[in-house]
Amino acid sequence: MALEKLGKALNNALRKLARSGTVDEATIKEVVRDIQRALLQADVNVKLVLQLTKTIQKRALEEEPPAGVSRKEHIIKIVYEELTKFLGTEAKPLEIKEKPTVLLTVGIQGSGKTTSVAKLARHLQKRGYKVGVVCSDTWRPGAYHQLRQLLDSYGIEVFGDPNEKDAVKLAREGVEHFREKGVDVIIVDSAGRHKEEKGLIEEMKQISEAIKPHEVILVIDGTIGQQAYNQALAFKEATPIGSIIVTKLDGSAKGGGALSAVAATGAPIKFIGVGERIDDLEPFDPKRFVSRLLGLGDIQGLLEKIEELQKQQEFKEEDVEKFLKGKFNLKDMYAQLEAMQKMGPLKQILQMIPGLGYSLPDEAIRVGEEKLKRYRVIMDSMTEEELEHPEIINYSRIKRIARGSGTSTSEVRELLNQYNQMKKMFKSMNKRKLAKMAKKFNLGGFGV
Ligand SMILES: Nc1nc2c(ncn2[C@@H]2O[C@H](COP(=O)(O)OP(=O)(O)OP(=O)(O)O)[C@@H](O)[C@H]2O)c(=O)[nH]1
């Protein structure tokens, strides 16, 4: 797995948060410090780390979690969101629009460029594209044989000539050769070394002009950590870099530094190399990458649920105001109980997240569901006036409601008791406490 060490350290920080009793300022600061340490050890640039952790800390301290979401979950969401932003937010997949699409790969010697060309060719072949590879590396004759060795067995043709000294000519002829063959994608591997760096960049420019690639892909060695920033910038200035492959993220202690540094240049990372085998290439999606890195089971599911909740805003500000003024009727109670019920699936999602096992007893939801159905039946037998002003429900009304709903007077009383308890509780609360309770309430914390 990519960035295993960093992932473990970040996961530990979040687990510590999940285990802590209360989430106060000191806890948040400790978690932020742990995250800081983890990132610095992965060679992420100090300035970037400070910026990121400052934002996480500020948001964690200032933002109020939406109803139905605990502070801990909210902080996890913040960490996830900020780390994702840090790595570019949206996935930018490689697009094959035209036939043939010509890709030119560049990068310095030893970056893993030749291996990545083979991996990319295989990746595209697996997706149904007919691929041709051109080796225009005239400085390292071994590159041609290396590509053939990697690709012959997959039936992917490699065009090249180890004796040819003109890289531009080779690239042009190679592209022409595969155009005639009618392939879908042509990948041109360029030289990674030269007598001097200026020469390398110059050759890259000449090849680029000769074959007019749809996209130039820069291959960067992930083990160089934050130095990747300057390298990515230098190439970006010389050619219009369309995308980047960061290699060797398996087992590299500095991979986090390389990924964040490349993302900081604004060039999209489209793939990452995660091993020496031909299949060890992964399309890069910051969201998926970060949730896997953090080891958070189904965080995507959790986020969707939180979003849905935010939209629904079951427990609105105006409700809180209303309840505080003692205006809380049976309809309100039902709406709140219903909101609690909807939290069922969230509870399951929360339990899927390691270290966040929610402490709600199962019966709270199950009993709640059954009771809610009975309450619905009872309430259906009430008049509008009774629902709005439950205090008018006297004994003869209770008898009528029980008869009409096919329940017993004690069940109707139970509903009214529940209502009175809630109303009393709301009355005795100040606004802050109520907002806090609301969250619990939506999670079924009333022991219904
Ligand atoms: N562990 C690991 N090794 C990789 C990865 N990608 C490439 N390598 C290894 O890195 C070494 C250098 O890779 P090459 O592809 O030969 O390097 P290059 O950049 O083409 O080098 P030149 O052809 O000299 O420019 C090889 O031993 C590869 O097996 C990766 O994602 N993970």
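Each residue, glycine too, has its Cβ placed from N, Cα and C.
Per TrEMBL, these features apply:
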- 107-114, 189-193, 247-250: GTP binding site (BINDING)
- 268-281: domain 'SRP54-type proteins GTP-binding' (DOMAIN)
- 299-326: coiled coil (COILED)
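This view paints the features noted in TrEMBL onto the structure.
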residue	record	contacts (Cβ under 8 Å, 6+ apart)
G107	GTP binding site	K113, G192, L218, V219, I220, D221, F235
G110	GTP binding site	G192, D221
S190	GTP binding site	L104, T105, V106, S136, D137, A167, A171, E203, M204, I207
R193	GTP binding site	I108, Q109, W139, R140, L200
L249	GTP binding site	A2, L3, G222, G255, A258, L259, I272, G273, V274
DSSP-assigned states of the domain 'SRP54-type proteins GTP-binding' (268-281) in counts, ordered helix, strand, coil: 0 helix, 6 strand, 8 coil
Local confidence of the domain 'SRP54-type proteins GTP-binding' (268-281) - pLDDT mean: 92
Binding-site residues whose CB lies under 6 angstroms from ligand 1, from G110, K113, S190: G110, K113
Neighbouring C-beta atoms (10 Å sphere around the C-beta of K113 (GTP binding site)): 26
